[in-house]
Amino acid sequence: QRWNGSRENTLRTLSCYFAFTIYGMNDGTPGAMVPHLESYYSLPYSIVSLIFLGPMLGCITAAFTSNRLHQKFGRRGVAAFATGSYAISYVGMCVHPPFGLVVPLLVLTGFGSGLMNGTWNSWVGGLANGGTLLAFLHGCWGVGATIAPITVNAFVSRGWDWWAYYCKLLTSYGYSILTNYLTISKLGLAIAAAATTVWSFWADCGTSHIASSGQAHSFTFSVFRDKVTLLFSGFMLLYVGAEVTIGGWLVTFMLNVRNGTPSASSLVASGFWIGITVGRFALGWITSYFGEKTMVSAYLVVAIGLELAFWLGKEFVVSAIMAALVGLSIGMVMPASIRMMTKILPVEKHIVSVGFGTAFAVSGASIFPFAVGALAQAGGVQVLQPVILALFAVQLLLWLFVTRM
C-alpha cells in the first residue's frame, strides 16, 4: 500500500503523524519538569527521578497486551486505548496530586506510549517507501519533544505552576478565550489525537484486523523464541534509554554543571530535540540510499565522538552546540532499526515483533533516566556524560553483532 494511494490511507498517515507529535511531547516533558517538581514537592533527585521509572510498568504491559488488543479491537480500539490513557493521566495531573500519585498516573502514559509506538510503527513501516515514512513519523515525534521543554518554560515563566501545562485549555489568566494569549494544553491535544486516530482507523476493528493479517491467535509470547526480535528489542531499549536520558537530564546538567540560566538550559534541551528532528527529516533518504546497516553504524560512531566532545568541553556554548549535533547524529537510528526489522521479519510478525520491540524499548526511557537520577544523588548530575557514552558504545557493538547474523 502507498500512503497516498487512497484518501483513507492519507488520513491514517497524517493522524499517525499527529499522534506521534503528542507522543514526542510526552517524552520531552519529564526532563523539563524535573527542576519544577523538585522545587514544588521539595524532593531530592533520587525521588523525583521516579517520574522516569513510572512509565516503565505501562510500557511492559503494552508490550504483552498490544497483539491481543489488536485482535479484539483492531487499530481503532488500540488508538482509543492509547490516547485515552494519555487523557486520563493528564486529567489527574491537572489537580496537581501528591507526588505519590504522580508516578502511578505516569504508568498510564507509559501504557499509551507503548501501544502507540508499536501500532503506528508497524503500520507506517509496512507501507511502500516505509523507510522514509518512518523517518517522518519519528521526525514528528522529535517536533513534539522539541516543543515540550519550550512550552513548559513558557508556562512557568508566566507565573503558572507546573501542572498548568497539562490543563490550560484555550484560557489565559482567567480571561475570555478570545482575548490575550491562547494556550493549548496536553489534555486538549490528547483528545484531538484520540478523535483523529480513532476516526481514521474506524474501519479497522478486531474482525477486519484478523481478516487482513491472518492472525486469529495471540503470538505475543512467541517473541521470546525469536532471536531477531529479542536482539532488536535490546538495541532499541538502549537507544531510547540514551535518547530520553539526554533529553531528560540535559536541563538539570546545564543548570548545575554548566551554570546556565533556566531559560537558556531549556533552550539547550530543545536544541537537542531539534537536532533529532532535523536528522529524521533530512537524513531519511541518505539512510535508505546507503542502507540502514551501514548508516546506523556510522551515526553511532559520530555520536560517540560528539558526546566525548560534549563531556570534555566545559563552556556552556560548546556544550549547547554538541548537544544539538548529538541529536542530529542519532536521529535516524530508531526509525532505521525499525525498518530493518520490517525487512527481516515476515509481514505476519510485524504487529507482534515490532509492537513488542518498540513497546519494550520505551521502557528504556524509564530505566536509564531513573538510574542517572540515582547516580546523580550520590555523585552529581555530571555522571550523565559517561553513562551516555557507555550506552552509545554498547549500542554500536550490539548493532554490529545483530546485522552480521
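Using N, Cα and C of the backbone, Cβ positions are placed for all residues, glycine too.
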I'm validating the feature mapping. Which of 43-65, 158-180 is tagged transmembrane segment in TrEMBL?
43-65
Transmembrane segment according to TrEMBL, located in which of 11-32, 99-120:
99-120
What stretch of 228-251, 263-283, 350-371, 383-402 shows the most Cβ pairs under 8 Å to the transmembrane segment (43-65)?
350-371
Need a quick answer: max count of Cβ pairs under 8 Å to the transmembrane segment (383-402), which of 132-156, 228-251, 263-283, 318-338 is it?
228-251
As a test: from 132-156, 228-251, 318-338, pick the stretch that has the greatest number of Cβ pairs under 8 Å with the transmembrane segment (263-283).
318-338
Segment-level pLDDT (mean, integer) for the domain 'Major facilitator superfamily (MFS) profile' (229-405):
89
Positions whose Cβ lies under 8 angstroms from the transmembrane segment (132-156), at least six residues beyond its ends:
3, 13, 16-18, 20-29, 31-33, 36, 120-121, 124-125, 162, 164-165, 168, 183, 247, 251, 262-263, 266-267, 269-270, 273-274, 276-281, 283-285, 287-288, 331-332, 334-335, 338-339
